[in-house]
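Peer 1: These came from TrEMBL, pasted as-is:
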ACT_SITE  His117  active site, pros-phosphohistidine intermediate
BINDING   Lys11, Phe59, Arg87, Thr93, Arg104, Asn114  ATP binding site
DOMAIN    3-137  domain 'Nucleoside diphosphate kinase-like'
Amino acid sequence: MATNRTFTMIKPDAVGNGHIGAILNDIIQGGFKIIAMKYTSLSDEIAGQFYTVHKERPFYGELVSFMSSGPIVAAILEKENAVEDFRKLIGATDPSKAEAGTIRNKYAKSIDANAIHGSDSDENAEIEGSFFFSAFERF
Ligand code: GTP
Ligand code: MG
C-alpha cells in the first residue's frame, strides 16, 4: 500500500546557488505539505551512512564528499502518492534528461550535483525520514 509521505533533501549545489526558496515554492505548489524540515549539514560519516545503499557504486566516494560539501535542507513531505509524485516533480537523476519544468531541469547542473533528493520507495521514505527527524519534530 502506498503511504502518503516522502523524504527530500535540497542538496549543497542548490543551497549554494540560492535556490532554497524557489525549490520549496515548487514543492508547495506541487501539492506537498511540509511535515518536518531542517537546515543542517552532513559530515562525511553521516552522508556515508545515508547513502550506504550505494556503497558498491563507483561514484560513492564522490557522492559522499559532495553531500557533505555544504549545508542542505532536509524535509518530510506529505501528499497522496507522495513517493511517485515527488519523483515526477524532481525529474530524472541526470538533469540533461530531466523533463522541462522539473526541479532538476531548472536548478541542477550535472548528475552528481543534481539539486535534490527524493526517496525511491515507501520503505526508504520511512527509513530516511527517521534518519533525520524524531517523532517530536514532525507536525
Ligand atoms: P537521489 O534522489 O539523490 O537518491 O537520486 P536518484 O534516486 O535519482 O539516483 P540514485 O539513487 O541512483 O543515485 C543517488 C545519487 O548519486 C544521485 O542523485 C546522484 O547525485 C549520484 N549519482 C548517480 N549516478 C551517478 C554517476 O554516474 N556519477 C556521479 N558522480 N554521481 C552519480
Ligand atoms: Mg535514489
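Cβ coordinates are placed from backbone N, Cα and C, and glycine is handled just like the others.
Explain the structural surroundings of these features, please.
Peer 2: Listed in sequence order, Phe7, Thr8, Met9, Lys11 are the same-chain residues six or more apart from His117 (active site, pros-phosphohistidine intermediate) with CB atoms under 8 A from its CB.
Of all Cβ atoms in the protein chains displayed, 16 besides its own lie within 10 Å of the Cβ of Arg87 (ATP binding site).
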Peer 1: Anything from the binding-site residues Lys11, Arg87, Thr93, Arg104 with its Cβ under 6 A from ligand 1? List those in sequence order.
Peer 2: Thr93
Peer 1: How many Å separate the two farthest-apart Cα atoms among the ATP-binding residues Lys11, Phe59, Arg87, Thr93, Arg104, Asn114?
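Peer 2: Across Lys11, Phe59, Arg87, Thr93, Arg104, Asn114, the two farthest Cα atoms sit 21 Å apart.
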Peer 1: Look at the binding-site residues Thr93, Asn114 and tell me which residue has the greatest number of other C-beta atoms within 10 angstroms of its C-beta.
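Peer 2: When each Cβ's neighbours within 10 Å are tallied, Asn114 leads.
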